Amino acid sequence: MASVRKLIVEVVDARNLHPKDGHGTSSPYVILDFYGQRRKTRVVARDLNPVWNEVLEFNVGKPSDVFGDMLEVDVNHDKTLGPTTRHNFLGRVRLNSQQFVKKGEEALIYYPLEKKHLFSWIQGEIGLKIYFVDDVAPPPAPPSPPPSEEVKAEPKSLEEAKAEVDAAPKADSEPPPAPEVAPTEPAPPSEASDHDGEVPDDDCFDPVESSTPMKQERFDHDQLRTSRSMPEIKIGGDIPIGPQPIPRTSSVSSFTTDVSDRFPIERSSFDLVEKMHYLFVRVVKARALPTPGNPVTKIVVSGCQVVSKPARKTMYFEWDQTFAFRRDVHDSTSILEVSVWDPLISSSMSDVAGHNFLGGICFDATEIPLRDPPDSPLAPQWYRLEGGGAHKGDLMLATWVGTQADESFPEAWKTDTAGNPSSRSKIYQSPKLWYLRATIIEAQDVPPTSSFQIKAQLGFQVQKTKSIATRNGTSSWNEDLMFVAAEPFSDQPLMLFLVEQRGPKETTVVGVASLPLASIERRVDDRIVVSKWLTFEDPNEEKRVYRGRIQVKIFFDGGYHVMDEAAHVCSDYRPTAKQLWKSPIGTIELGIVGCKNLLPMKSINGKGSTDAYAVAKYGNKWVRTRAISDNLDPKWNEQYTWRVYDPSTVLTIGVFDSCEEFGSDGQKEPTRSDFRMGKVRIRISTLEMGKVYKNTYSLMLLNAVGLKKMGELELAVRFVRMAPTLDFLNVYSQPLLPIMHHIKPIGVVQQEILRTVAVKITAAHLARSEPPLRREVVAYMLDADTHAFSMRKVRANWLRIVNVLSGVIDMVKWFDDTRSWKNPTSTFLVHILLMMLVWFPDLIIPTLAFYVFVIGVWNYRFRSRAAPPHFDPKLSLAETIDGNELDEEFDMVPCTRSNEMVRLRYDKLRMLGARVQTVLGDIATQGERVQALVTWRDPRATGIFVGMCLVVAVILYLVPSKMVAVTFAFYYMRHPIFRDRMPSPALNFFRRLPSLSDRIL
């Protein structure tokens, strides 16, 4: 039955409103507007923290130019309840409907009230629950005309019905022409295939469905048995009509027509990739075939032969299957043959007598029409089968030449995928992940003689509290346990176990409590959640036996972003709760063109082979290209689009070799895991807006053997801004993570543990898709092993620090050269600048700012204009790494190497630790010497320092500070002939100060 969508707004309460009645209070009420509908709450008299708890309903209509999709909530003061007639506006909230969720996902959110204009004095916030519900629409009651009118109208309705029956088309007559449909923009092939896979979330664009449904014809059973005539085909209007068949006796001519002449390149939505032309054959159904079995169709073109699946027998023999044959310039034939065979006697299919050959059709491929979206789909036609003997049947099919932008391409059988059903391109959606926080407060009515701890379990996640001794039958913990849960929430509940600690290693489960995930409250801010009591039951008894109770706060924390990627390469920072999402600022378009010079990953019949496919991930949307079979230079030419919510995010593209091999029966053969071949990362903030970056990236793979170049990946990337310029620039001033990460941050160690759990949940979810996205692919794309120890990364990070400090080091060297008068002109100018800054100190900050501006403008000339930054083997020290260090980096935990190898690694680590120990000791020594200046460890040194401080204070009181600064600067920069080669007295004094290093054992 039809359903009607409604928007439900629960107006709960408001807090800290501004007084308006002149006596320090207000009498507020709320007015809500949505789609031209207005609702109003009751008035709460004289209350700055009113509570309404009212539920208001709005009908959700179609998008309108008059009424937008914004919900406006206005809070006003009722002037009739106060002695004043001043302005009654207390604040408002404007919310986009994209932030609203369906029933079951709602949460109480407090929105800060906004001003209507600049000079409004507004304060406070309002608490709302907003969600959609779908109600079943009642069927409309049929109109009941007066009896007299009904009798008069009856003959007229019968005549009209008879006329309609006479005018209806016969079974063998021409089918009515398909209605013309306005052209629509084509969708990427992977997006068009969403209807049988994972459903994209709101940040994915909706796929464009075919706007011209195929007209199904109906035939009478008796007529199907007796009629042998071919239906007449008439061409009229603008309906696309397929090619006419040619006689089967015609000679085969060579296919010499240039593809570029017959397939003109036109601009479409696939503007970042090259067009790939395919010959499409859609076999729909057949009729009047002289067989009781399930026939198949065989298609032969350009030396490629494919057999369809057996027909599904209904009123017709139905296949409804589409085939796509790649068309190249070097095709040697222009004949397309479509034949129908009866597979009852499979061994006689090659019999010269043709006992099970039911007929066929031949087409001249040069006359097949070109269809390029936004052209309407080609209508299938009935064709008479020839060559099958005296009994002739009819076959309905359509054939056309199109590109990968065709809506039939994603689900079609393709020649470059060798018929592998798991190789088609696909869009996947990551599961919606929530942080589940369980605050264990206390337990009561537990045995008073032991210590207890609480063990919480959610699926494979297990966490424990510390062990607490019982006092008067009560144990108190006040600990937070956090889990990761994925929607949709399964029937598996959150289990709480009361564990008794009877010995150092002996534990016993005393009681069990459970809580279904669907009943757990959701929180999107830092409001306090009301605690609840759960009852422990004896797990060993069949009947319910009371074993105590526990006070807990359990809720889903939707204000956090559940990290499943490393923080420095994250592709999304939005919180889990959709109500907190902001509008997108732009879109990122990715064109995956193809690969070049790939290395063979497996051997088939003594020949190197690679079945490569690409995976791209941004936000919670994953895309996978089709797997090109046995090709070292695959071409995908697929284009995808993501919405961008933050420019400081990273798009990741990986290339893999498919492990799935299919036998002659189409069944999967067990093989190895998908082999990684390298990946590319592109940071969105490094891209210029509107510019197309079409470059080739090296696929570098670092493994236990060393660095290997697996091939090259050609990509085209474009970032398009959607938000206004000021809104886009304002994003750079916003916090990177949601506000809950700053109000109540999660520790680094706990964050990494939760990230590991999130990766496992995401990998398990995507592995259940069809075709599956394998666990090893997800783990590689999400950098699941980022924090593994690597001596190579330690040295690389040290060199990064040195590179960052190189600017400061160069500045110190330049100043030392200036102080040494190596360039007298430069030293003289520095003296003049120094005097100006001393006498005019207000110029110091403007001078520094102008200097940084000049440096930035100067470096603008040398900005990168080619490819976006990519993996740098030199920066990663991947080209000069030692073999033992590489083996250590890829060794598993616990170590699997021999004891001798482990001992060598440990000795090397000890040597490195000794050097680090020395550096840390030197830093501590310098800090302790500074403390020794006033701690009187050395009485004479402290006395000298304190006396010098008194002299400096007196001099600075008597002499102007500018004179002191100029004198000190000139003395420091004096000519080398006036200096002593020995260290300065101040440095000698500092080095003689005592430290605590002599007290270390």
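Counting begins at 1 with the first residue displayed.
Any Cβ shown, glycine's included, is placed from N, Cα and C.
For 1-110 (among others), the entry in TrEMBL reads domain 'C2'.
Per TrEMBL, the feature compositional bias 'Pro residues' maps to 139-148 (among others).
Annotation comment: TrEMBL describes 139-255 as region 'Disordered'.
Per TrEMBL, compositional bias 'Basic and acidic residues' is recorded for 149-173 (among others).
What TrEMBL lists as compositional bias 'Pro residues' is 174-189 (among others).
Taken from TrEMBL, the feature compositional bias 'Basic and acidic residues' applies to 215-225 (among others).
Feature annotation from TrEMBL assigns domain 'C2' to 264-383 (among others).
Annotated domain 'C2' per TrEMBL: 417-534 (among others), in sequence order. Helix, strand and coil content of the domain 'C2' (417-534), in residues and according to DSSP, is 7 helix, 67 strand, 44 coil.
Residues annotated as domain 'C2' in TrEMBL: 569-697 (among others). If you average pLDDT over the domain 'C2' (569-697) in this model, you get 86.
As annotated by TrEMBL, transmembrane segment applies to 828-858 (among others).
Marked as transmembrane segment by TrEMBL: 944-972 (among others).
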Distal contacts, the transmembrane segment (944-972) - CB-CB under 8 A, six or more residues away: 819, 831, 834-835, 838-839, 933-934, 989
Tally of DSSP helical, extended and coil residues in the domain 'C2' (264-383): 9 helix, 51 strand, 60 coil
Residues from the same chain, set at least six apart from the ends of the transmembrane segment (828-858), whose C-beta lies under 8 A from its own: 818, 962, 965-966, 969-970, 973
The domain 'C2' (1-110), counted residue by residue under DSSP: helix, strand, coil: 6 helix, 53 strand, 51 coil
Residues of the domain 'C2' (569-697) by DSSP state, where helix covers H, G and I: 7 helix, 67 strand, 55 coil
